[in-house]
Amino acid sequence: MAQFFKPQKKSTQPQRIEFTVDSLDHHCVGIGRHQGKAIFIEGALPGELVKARILEDKKQYAHAALQQVVTPAANRIAPFCSHYRECGGCSAQHLAEADQRAAKEAGLVSLFERLGNIQPPALEPVLGGESRAYRRVCRLAIKFDKNGRCTRVGFRRRQSNDLVEIGGCPVLAEPLSVLITPLRECLNRLKSQRELGHVELIQAEQGILMLLRHTGRPTEADRAQLIEFAKTQGIDLYLQAADEQIEPLHQQFAPSYSLDGLSLAFAPGDFIQVNAPVNQRMVEQALSWLEAGKDDKVLDLFCGIGNFTLPLARQAREVVGVEGELAMVARAEENARRNGINNARFYKADLGGDIAGMSWAREGFDLVLLDPARPGAFEVMEHVVKLSPRRVVYVSCNPVTLARDSQVLVKGGYRLVRLGMLDMFPHTGHLESMALFERK
C-alpha cells in the first residue's frame with residue numbers, strides 16, 4: 001500500500017515585542033513603531049514603553065494586544081468600570097475625557113489632510129454631554145455555557161468573540177443597566193436557552209422596551225416566563241424570529257422620543273441615536289449651519305425616521321427625505337402626520353446605487369443634508385454636486401468615509417467652511433462629526 005507523506009503543522013508562538021507608543025489615532029488607539037513597522041495597540045498612550053503580543057501581522061503594519069505598560073504616561077488614569085480590561089464596549093477609559101476628545105479631533109484633521117487632501121478650518125467647539133449613563137440603546141450578547149449549563153449575558157470581550165459577563169454598565173442609562181441581572185436570571189429559567197440570540201434594550205420616553213432574538217419557537221412555558229418578567233420589570237417585550245419578524249409579547253405603549261419639540265415614534269429594530277442630549281444638540285447645530293429659510297427646498301438623504309427632516313420642515317418651504325428601508329420611510333411619514341407637518345415628502349431608494357433616474361432626484365434643491373451609515377455616501381456625492389445646492393451639511397459616524405466623500409464636493413466647486421466633532425460615544429473609539437460645505 002502506498003504511503004503518503006503528510007507534513008505536520010508547525011506550532012508558532014505569538015510574537016512578543018517591546019516598543020514605545022508615539023501617538024494616538026482617531027479611535028484613541030496607540031501607534032508606535034517596531035523594526036520600522038507601524039504597530040497599532042489599544043489601551044496604550046503616547047510616551048509609554050509597552051510590552052505587547054502581535055495579533056495580526058501585515059506587510060506595512062501590525063495590530064498588537066497590550067500585555068504590560070512598562071513606563072506609564074503621566075496622563076494615564078484609572079478606568080471607572082470594573083470590566084474595562086476585558087470588555088470590548090469601551091476602549092478609552094484609561095484616558096481623561098478631554099484627552100479623548102483631543103485625540104479624536106487631531107485624528108479628524110489628519111484624515112481630511114491625508115485622505116481628502118483638504119486643509120480644514122479651525123474646528124468648531126465639541127458638542128458633548130454626560131460621559132456616563134448616556135446610552136439609551138444597547139445590544140447585549142447572549143451565550144449558552146455548555147460546561148456550566150447556564151446562559152451568560154454581557155458584551156463581547158476585547159479583540160475576541162468571547163463574552164464578558166456583566167452585572168451592570170456605567171455608560172448605560174441606569175434603568176437599562178439595572179435590568180441586566182434580572183434579565184440573566186429570567187433567561188436561565190427558560191427551556192430554550194440554546195436558541196437565544198442577542199437582546200436589545202431601548203429607553204423610550206414612555207418606558208423601556210426589550211427585543212429578544214430567538215432562533216427557534218419558544219414553548220408556551222417560556223413565553224409565560226418572559227411575559228411575567230416583562231410585567232414584573234414594567235417593560236415592553238418583543239420577540240424577533242430568525243426570519244427577522246418581530247412579535248410583541250407584552251406591549252403597553254407605542255415608543256417615541258422627543259426632539260426639538262417634536263415627538264418621533266419608532267419601533268423595535270429601528271435605528272435611533274443612542275445619546276439623546278447629543279442628538280438634540282446635533283440637530284440644532286445642523287439646522288443652524290444649513291440656515292434654511294421659508295423659500296428653501298431641502299433634500300435629506302439617509303433620513304431614517306425623520307430625525308433631521310421634521311425639524312427642518314418647520315424652517316423650510318419643503319423637505320424631501322430619502323431612506324433605504326421601507327419600514328423607516330413609513331415611520332417617517334407617520335411622524336410627519338403625528339406632528340402636523342405637511343411639507344415633508346419621503347421616498348424609499350437605494351442610496352448605494354445610481355439615483356439620477358429617480359423622480360425626486362431630478363427636482364431642484366437649495367440645501368442638502370446627509371447622515372449616512374459607516375460606509376458613507378460616495379455613490380450619491382456626484383449627484384449632490386449636480387444638484388448645485390448652496391450649502392451641504394454632512395453628518396458622519398465614520399471620519400474616513402467623510403474625508404473621502406468630501407473630496408467629491410471640493411472638486412465639484414464647494415469649500416469646507418465648518419467642521420466639528422460630536423462626542424456621541426464617550427470612552428469609545430467612535431467618532432461622530434459634522435461638516436458644512438458652501439458652493440464657491
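Placement of Cβ uses the backbone N, Cα and C atoms for every residue, glycine included.
Source: prediction; values computed, not measured.
For the domain 'TRAM' (10-68), the mean pLDDT of the prediction comes to 93. Here Swiss-Prot flags 10-68 as domain 'TRAM', drawing on sequence analysis.
The [4Fe-4S] cluster binding site annotation in Swiss-Prot covers C81, C87, C90, C169. When other Cβ atoms within 10 Å of the Cβ of C87 ([4Fe-4S] cluster binding site) are tallied across all protein chains shown, the result is 22.
Among the features that Swiss-Prot reports, S-adenosyl-L-methionine binding site is placed at Q273, F302, N307, E323, D350, D371, with the record citing sequence analysis. Less than 8 angstroms from the CB of N307 (S-adenosyl-L-methionine binding site) sit L259, L264, I272, Q273, N279, V283, D371, each of them six or more residues away in the same chain.
Per Swiss-Prot, active site, nucleophile is recorded for C397, and the stated evidence type is sequence analysis. In sequence order, A373, R374, M424, H430, L431, E432 are the residues near C397 (active site, nucleophile), counting only same-chain partners six or more apart with C-beta under 8 A. Reduced to three states, the DSSP call for C397 (active site, nucleophile) is coil.
Taken residue by residue with DSSP, C87 ([4Fe-4S] cluster binding site) is part of a strand. Taking F302, E323, D350 as the binding-site residues under consideration, the smallest Cα distance to C81 ([4Fe-4S] cluster binding site) is found for F302. Counting only the Cα atoms, the space from C169 ([4Fe-4S] cluster binding site) to E323 (S-adenosyl-L-methionine binding site) is about 33 angstrom.
The residues near the [4Fe-4S] cluster site, meaning same-chain residues not in C81, C87, C90, C169 whose C-beta sits within 8 angstroms of the mean position of the site's C-beta atoms, are H83, Y84, G89, Q93, F155, I166, P170, V171, H427, in sequence order.
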